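To start, the structure under review is shown below, and the notes come after it.
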Amino acid sequence: MRYAHSVEAVRAAERELMARVPEGTLMRRAAGGLAAACAGMLGRVYGRRVVALAGSGDNGGDALYALALLARRGAGVTAVLLAPDRAHAGGLAAVRAAGGRVIDAGAGGGAGGGSDGGSGGDAADGSEGGAAGVSAGDAAGAAIARADLVLDGIVGIGGRGGLRPDAVRLAAAVRASGAAVVAVDLPSGVDAETGETAGEAVRADATVTFGTYKPGLLIDPAAQYAGAPRLVDIGIGPYLPAPVAEALQDADVAALLPAPTGESDKYRRGVVGVVAGSARYPGAAVLAVSGALRGGSGAVRYVGSAGDAVIARFPEALVSAGRPSQAGRVQAWVAGPGLGREEDARAVVAEVLAADVPVLVDADGLAVADREAIRARRAPTVLTPHAGEAAALLGVDRADVEARRLEHVRRLARELDAVVLLKGSTTLIAAPDGPVRINSTGTAWLSTAGSGDVLSGLIGSLLAAGLGGRDAASVGAYLHGLAGRAAPVPFGAHELADRIPLVRPEGTGGR
Ligand SMILES: NC(=O)C1=CN([C@@H]2O[C@H](COP(=O)(O)OP(=O)(O)OC[C@H]3O[C@@H](n4cnc5c(N)ncnc54)[C@H](OP(=O)(O)O)[C@@H]3O)[C@@H](O)[C@H]2O)[C@@H](O)CC1
Ligand SMILES: [K+]
């Protein structure tokens, strides 16, 4: 599991630990882990050109100390200071002592234009600049253009708002240079708490973060700027409270995924009821049933008017055209995909919500479900809106939901006392309490018609197998995302379900 904590929690834990260890210990640990990660990315350190962009805070300090460590291993290093008179004194001294070159981000004028010309550094001669947005005489631009690796230490958890003009210029030069980019703690310009970006942000290939993940590192759009996130343990773990967010990894999914055993029968594996599709949208029924079958359920009971379409594709499905309450034993219901919003849809959703088994409500089901009926339920309830559906349920604009997804998914879960899965490029799953689960396995190719219908059936099968709402929704989103990655692109939603068995983590195949 990847756990994420708020900036406030990180700061408090840091204070607790700092009171117990010698001064500078945390930054030394951070910089050591950062330098090791950089060395790993470079493969060979000796002779490589490394540039650190260092802002005025401790994030810049981390970058400078790491740069000094890389210089000691033979890299040609250049520190680019955004605020030369306020740069981290210890970090700067370390770079100088290691023979690094130090230049001022604002200085033009080519070689010697820096605030200091170190001896062992990579003496870029300024004339080789030429990265977009950077004048040829710009010493910083020239160093960046020639770098193998750039460390982004402009700003970390102390950052407020978007990048400032100097930093914007450097970020553009970095993007144009082709150097590998490692963000220190966070890509500069992204919001640590929410994953929002205000204007420009640094695009990294990897982010080395300290102590714990920050929510913004795992949530889009920031997650797309962070590249591969890595965690360096600096010892604050024992002082951190419960996380605000977490992201399942393969091992977590493997531990949660049910698999049949020798004693299994269809009811132990779980029977899913699907109330979906209509004369107008029979395909939604077929897709939801496909997800339910491939999710591992023991049997699927389909109830509705698209039974012929379902049976034509899945002869193993048990279909009926009656009412959900007369369908026979069901251990979880999926209600809503392609159901329409007529009076009849309202009635069948109400009937499903009244059942004392787990229920997932999606799509049209969300539009016709009675809020009080949702709130009154005692068995697990999972709602799977996209941003527009969540906005309608909350009575806010869709743009508000999209801009602050974390806040809105939490609010909806609390208001409706249910597990809410908010679809998006990073899908978020919130229960009324506890950490928000972030799913990072998705791909933009999944935004295709019917993809959500497959997801609802898949989650329904996990609910029927006995997983709780939060686990069923997050494991379902995880597998659905991987299935999207495994399918040749572009794909139609009908191709998704067949990929689910292929992406189950190792060891979950059952016997
Ligand atoms: N906590 C921990 O456990 C540990 C933390 N560690 C490290 O410390 C980092 C936090 O350090 P921090 O508190 O000094 O803040 P930081 O992110 O460097 O930025 C603040 C400075 O940036 C400036 N600034 C603000 N906004 C800006 C913008 N948009 N664009 C440009 N500049 C902007 C602002 O200056 P001002 O506004 O005064 O100009 C201020 O001086 C953390 O991310 C991690 O790397 C590790 O060493 C080990 C343990
Ligand atoms: K940074």
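Placement of Cβ uses the backbone N, Cα and C atoms for every residue, glycine included.
When TrEMBL records Asn59, Ser188 as binding K(+), the matching candidate from Asp104, Asp148, Asp152 it lists for that site is Asp152. The candidate list Gly395, Gly450, Gly452 contains one residue that TrEMBL assigns to the AMP site with Lys423, Gly424, Ser425, Thr426, Thr427, namely Gly452. Close contacts with ligand 2, defined as a Cβ under 6 Å from any of its atoms, occur at Ser188 among the binding-site residues Ser188, Lys423, Gly452. The closest partner of Asp185 ((6S)-NADPHX binding site) among the binding-site residues, by CA position, is Asp152; the full candidate set was Asp152, Lys423, Gly424. For the binding-site residues given as Gly61, Gly424, Gly452, the lowest number of other CB atoms within 10 Å of the residue's CB is seen at Gly424.
Per Cα geometry, Thr426 is the residue among the binding-site residues Ser425, Thr426, Thr427 nearest to Ile157 ((6S)-NADPHX binding site).
For the binding-site residues Arg160, His386, Lys423, the greatest number of Cβ atoms within 10 Å around a candidate Cβ is found at Lys423.
Between the candidate binding-site residues, Asp58, Asp152, Asp185, the densest Cβ environment within 10 Å is the one around Asp152.
Other than Lys423, Gly424, Ser425, Thr426, Thr427, Gly452, the residues of this chain whose Cβ falls within 8 Å of the Cβ centroid of the AMP site are, in sequence order, His386, Leu422, Leu428, Asn439, Gly442, Leu446, Ala477.
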